[in-house]
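Trainee: What TrEMBL records for this protein is below:
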DOMAIN    18-115  domain 'ABC transporter'
DOMAIN    145-245  domain 'ABC transporter family G'
DOMAIN    264-476  domain 'ABC-2 type transporter transmembrane'
TRANSMEM  281-305  transmembrane segment
TRANSMEM  317-338  transmembrane segment
TRANSMEM  359-382  transmembrane segment
TRANSMEM  394-415  transmembrane segment
TRANSMEM  422-443  transmembrane segment
TRANSMEM  514-535  transmembrane segment
Amino acid sequence: SVSQKGDILINGRRQALAFGTSAYVTQDDVLMNTLTVREAVRYSGQLQLPSGMSAAAKRERAEETLREMGLEGAADTRIGGWAHKGISGGQRRRVSICMEILTRPALLFLDEPTSGLDSAASYHVVSRIARMARREGMTVVAAVHQPSTEVFGLFHGLCLLAYGKTVFFGPAADTAQFFALSGFPCPSLMNPSDHFLRTINKDFDKDIEEGMDGKKMTTAQAIDTLVNSYKSSVHLEKVTHHIQDIRATGGAVVKKEERPSFLTQTWVLTKRSFVNMYRDLGYYWLRFAIYIALCLCVGTIYYNIGHSYGSIQARGSMLMFVAAFLTFMAIGGFPSFVEDMKIFGRERLNGHYGVGSFVIANTLSATPYLALISVAPGAIGYYLTGLQSSIDHFAYFAVVLFTTMMVVEGLMMIVASAVPDFLMGIITGAGIQGVMMLNGGFFRLPDDLPKPVWKYPMYYIAFHKYANQGFYKNEFLGLTFPNNQAGGAATITGHEILRDYWQVQLGYSKWVDLAILGGMVVLYRVLFFVIVKLIEKMKPMVQRLRFRSDAPSVHIAENGSAGSL
């Protein structure tokens with residue numbers, strides 16, 4: 001129930017923040033755990049630094065930034081995660097800062113830059129940022145909690161907030177005097193920032209503040225006293241005049257910095273994603289081992305099924321298992337992809353690269369691993385079962401399996417854009433695939449599906465339809481089986497089996513089924529692109545509408561009186 005109003009101006013003008021103008025270091029350290037510190041910073045430099053800058057200069061900028069943040073000793077250590085112990089929490093914080101100060105932005109936002117750092121590291125990090133700000137002409141806006149006396153002394157200005165109210169905004173060096181004149185002097189030998197925060201922290205309101213005149217008051221009363229003092233102080237008057245001067249004179253229009261080309265960003269992202277997938281066991285390698293085990297199981301259960309009448313059902317069941325359940329296992333890499341999405345979200349909001357570069361790079365880097373998973377385990381299951389042994393039949397089988405897994409990965413990308421929590425995402429993705437599996441034409445033959453919804457349109461939307469039919473056409477066409485049905489011919493052809501037994505559409509070839517699956521690969525990634533862009537465009541609009549429609553909130557004072565804000 002918070003309403004927002006006001007103007008966001010840059011140099012006194014209403015203008016968009018151009019690329020390279022600002023950077024925001026978030027409170028959460030969202031990093032690629034499989035990379036070393038040096039790799040993470042270098043990749044970030046290649047994504048952000050202008051294309052006119054040489055590769056050697058970019059490497060030197062990355063090394064210089066690592067030295068600034070005191071990370072030389074940990075430069076070749078992996079950042080680390082659940083599978084590999086890496087750097088400490090304080091070092092992760094410094095890596096996050098490194099990646100955003102590479103471009104030396106004119107405006108740098110830091111959300112709790114000293115979190116996880118000891119007092120010495122906090123001082124060195126903030127002092128080096130302050131030194132860089134002076135050298136490069138940067139403006140640094142930082143949210144800090146419990147800074148040491150030395151760190152507090154490095155800040156030029158201070159904005160002190162308490163429950164939506166401005167307690168003080170002005171030179172940091174004048175804060176102690178302001179508190180003293182308002183009746184809350186800072187005790188000697190006490191950290192000023194600790195005194196300020198303790199005075200305005202209402203979470204423990206049973207602790208009574210004692211003013212300079214000896215009168216006891218609650219924290220809420222102390223906050224009101226300070227807020228009223230600030231409203232009538234010279235500090236507010238100075239800030240108001242300063243803002244008016246900026247708006248009257250106006251500054252220069254922020255120029256857009258040169259950024260790397262689309263191809264460069266895509267290439268760098270592809271390399272980084274490929275390395276991450278190679279080092280992250282949970283991304284593809286664990287899935288590869290499970291696929292080997294599953295295909296061994298399938299191959300031994302259906303071992304050398306032969307060409308009897310009973311092998312017709314066995315062939316169909318084995319191919320359906322591959323098309324449905326092997327591809328279903330593609331959701332196993334969803335948690336790793338969600339981590340990639342978090343990194344994408346942070347880097348995208350800082351303008352490092354576009355959605356298109358991310359989609360193309362993710363697709364290119366995943367292709368070799370999915371191809372390996374399709375060919376090696378697929379060959380085990382295919383040849384142990386005794387399906388058509390010619391190389392062209394197996395090649396088609398492997399390509400359809402590969403394309404179907406690409407479709408599932410694209411589907412899970414869409415789920416990840418809408419459901420960022422990996423547990424809810426796995427449940428959602430499994431549910432969607434379960435519904436598609438039911439409509440694939442195996443559990444219920446196409447002609448038996450209820451016409452509304454399940455056949456039109458679900459049967460034609462489900463990728464299992466095209467995978468199953470492609471597999472069936474590839475396997476059954478050209479084969480002949482003995483016919484056990486009474487009164488029938490002695491043999492039955494694969495064409496008749498497809499038409500009568502599996503109710504496959506024979507008006508087009510198996511290559512059309514493969515082409516449709518390829519189209520779904522592209523379609524799902526385009527949908528992911530569109531959804532991410534829509535979320536970026538719609539989220540601010542929805543927030544503005546929500547704030548406008550909010551009813552006035554009610555503030556309950558400590559004495560029981562109420563007033564609207």
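Quick reminder: no glycine exception, Cβ is built from N, Cα and C everywhere.
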Trainee: DSSP-wise, what's the residue breakdown of the domain 'ABC transporter' (18-115) into helix, strand and coil?
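Mentor: Once the DSSP states are binned, the domain 'ABC transporter' (18-115) shows 42 helix, 11 strand, 45 coil.
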Trainee: For the domain 'ABC transporter family G' (145-245), what's the model's average pLDDT?
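Mentor: It averages 86.
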Trainee: Under DSSP, the domain 'ABC transporter family G' (145-245) has how many residues in helix, strand and coil?
Mentor: 51 helix, 17 strand, 33 coil
